[in-house]
Amino acid sequence: SSQYANIKLTFADIANIHVMRASLKSLLQLLSKRDPTDDDFLQDLHKCGWLEHIRGVISTAARVKDLIHVDRSSVLVHCSDGWDRTPQVTALAQLLLDPCFRSLEGFGRLIVKEWLSFG
C-alpha cells in the first residue's frame, strides 16, 4: 500500500472455508446432542468458534458498508484464495446497503450475482 496514495489496507482475519466447515460441524454436533438449557451449552458453543466466525463476517461487512455509505469511499474486497470470504462479505454488505436485495426476488438476484455467475 505504500506505493499507492490514499490507500488503506485492512486485514479482516476471517477464517478460510476449512476452518469454517470444521466449526460448523462442531456446532451441528453440539445442537444435535445437547439441550440448550444444559449448564455447559454456552461454554461449548463458545468453544466451537462459530459465533466468532459469524461476528468476523458481519463486522467486516458492516465496515465495508460504512466505508461506502458514510465515508463515500471505494472499496475493494479480496480474500487470499478468492473462494468464499469475498462473496460472504460483499453480499452481506450489499444487503446492508441496498433494500432491493432484501426482497425475495432481490435476494435471489444477489445470490446469482455474487455466488453463481462466476463458476
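Sequential numbering from 1, following the chain as shown.
From the backbone N, Cα and C atoms, a Cβ is placed for every residue, glycine too.
Features as listed in TrEMBL:
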type	residues	note
DOMAIN	1-119	domain 'Myotubularin phosphatase'
BINDING	Asn16, Ile17, Cys79, Ser80, Asp81, Gly82, Trp83, Asp84, Arg85	substrate binding site
ACT_SITE	Cys79	active site, phosphocysteine intermediate
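Structural mapping of features recorded in TrEMBL.
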{"residue": "Asn16", "record": "substrate binding site", "DSSP (3 states)": "coil"}
{"residue": "Cys79", "record": "substrate binding site", "DSSP (3 states)": "coil"}
{"residue": "Arg85", "record": "substrate binding site", "DSSP (3 states)": "helix"}
Spatial neighbours of Trp83 (substrate binding site) that are distant in sequence (at least 6 apart) but have CB under 8 A: Asn16, Ile17
Count of other CB atoms lying within 10 Å of the CB belonging to Asp81 (substrate binding site): 10
